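Step one of this worksheet: look at the structure below.
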Amino acid sequence: MFNNSFKIMFLLILMMGTLITVSSNSWLSAWMGLEINLLAFIPLMSDNNLMSTESSLKYFLTQALASTVFIFSSILYLLENFYTVEITLMCSKILILSSVLLKMGAAPFHFWFPNVMAGLSWMNSYILMVWQKIAPFFILSYVMYKPLIVFCAIMSAICGAIGGFNQTSLSKLMAYSSINHMGWMLMAMMKNENLWMNYFFFYSFLNLTLIILFFMFNLSHINQLFYLRLNSKTFKFTMFLNLLSLGGLPPFLGFIPKWFIIQYLVMSNQYFIMLILIVSALISLYFYLRMCYTAFMINYNETNWILNYQFNQNTMNIYLLCSSISILGMFMISMIYIML
């Protein structure tokens, strides 16, 4: 009981820190919100095992470095705004953006992200992949320097796609998938906040579906997926279709936000960036298909024993609801659109 109440308390403080940053009207209050958020997340990460303690230390050191750069560059930015020096103003803007990109784990500042993810529980991984990106993205919208954002978007798409090769850990695979999605979100942020918020909503929902699945079966490596024997073949089939939906394969729900961004890039005549993003999405789909392919085969080898999984019925109901929306979401939206 004490453990749960302490987690709820730190979760509320974590949410409060993000809301302070989002609603702040000065750099100092935004920095304070980021620090409250960081100090609340550290106790949530520590699950009294060696891996999570190591991850929390890595996360703390990286975020502390980013926060230090952020507060000094924001002071520099204010001073340069006052004295109106153009060249140094650009330098301080680049420093602010670099510190924010380091905080969210976008390439080329992404090296800490998969290592931290590897030591976390699935629920903490979801917080790191989704909630911890909200505050940095809002700060990013205040200081837009397009050449750096385009460069980081391209790098995130490429590193997220290539980094997922030869990964056997599901948490690292999800981390590289998140880096790849960050490339798309950075390009969405360049258009406007509404496009980014649409993409972020779909991204959060699709990640939630998979995280609930991995949490229910206590999965951590790809080979556990291959040897997972279930009474229901339909359940296994839908389980792998959720992976393809996260990769953005039409006609699943995950394709809709990518479709919006492709449309924006075509209208902006940014064909080269669009090509890189689409190719990176295809590469990331490859390693999702690598997980799904054997399970879709008729002559699929299975173990002779069936583990008796004890599911929480509420968790299972939430998963089934999210899974059905993830797989049939595009059909539902299309039907509503046609009826209207």
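Numbering starts at 1 and runs along the chain as it is shown here.
A Cβ is built for glycine as well, from the same backbone N, Cα and C atoms used for every other residue.
Some features that TrEMBL has for this protein:
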- 24-284: domain 'NADH:quinone oxidoreductase/Mrp antiporter transmembrane' (DOMAIN)
- 285-337: domain 'NADH dehydrogenase subunit 2 C-terminal' (DOMAIN)
- 5-22: transmembrane segment (TRANSMEM)
- 57-79: transmembrane segment (TRANSMEM)
- 94-113: transmembrane segment (TRANSMEM)
- 125-142: transmembrane segment (TRANSMEM)
- 148-166: transmembrane segment (TRANSMEM)
- 196-219: transmembrane segment (TRANSMEM)
- 240-265: transmembrane segment (TRANSMEM)
- 271-289: transmembrane segment (TRANSMEM)
- 318-339: transmembrane segment (TRANSMEM)
Note to self: Are there residues at least six beyond either end of the transmembrane segment (240-265) with Cβ under 8 Å to its Cβ atoms? List them, or say none.
What the structure shows: 177, 184, 187-188, 191, 195, 198-199, 202-203, 205-207, 209-210, 213, 271, 273-274, 277-278, 281, 284-285, 288-289, 291-292, 295-296, 323, 325-331, 333
Checklist line | Residues from the same chain, set at least six apart from the ends of the transmembrane segment (318-339), whose C-beta lies under 8 A from its own | finding: 205-206, 208-209, 212-213, 216, 238-239, 241-242, 245, 250-256
Check: Looking only at residues six or more beyond either end of the transmembrane segment (125-142), which have a C-beta under 8 A from one in the stretch?
Finding: 14-15, 17-18, 21-22, 30, 33-34, 37, 41, 44, 59, 96-97, 100-101, 103-104, 116-117, 149, 171, 174-175, 178, 182, 185-186, 189, 193, 196, 200, 203-204, 207-208, 211
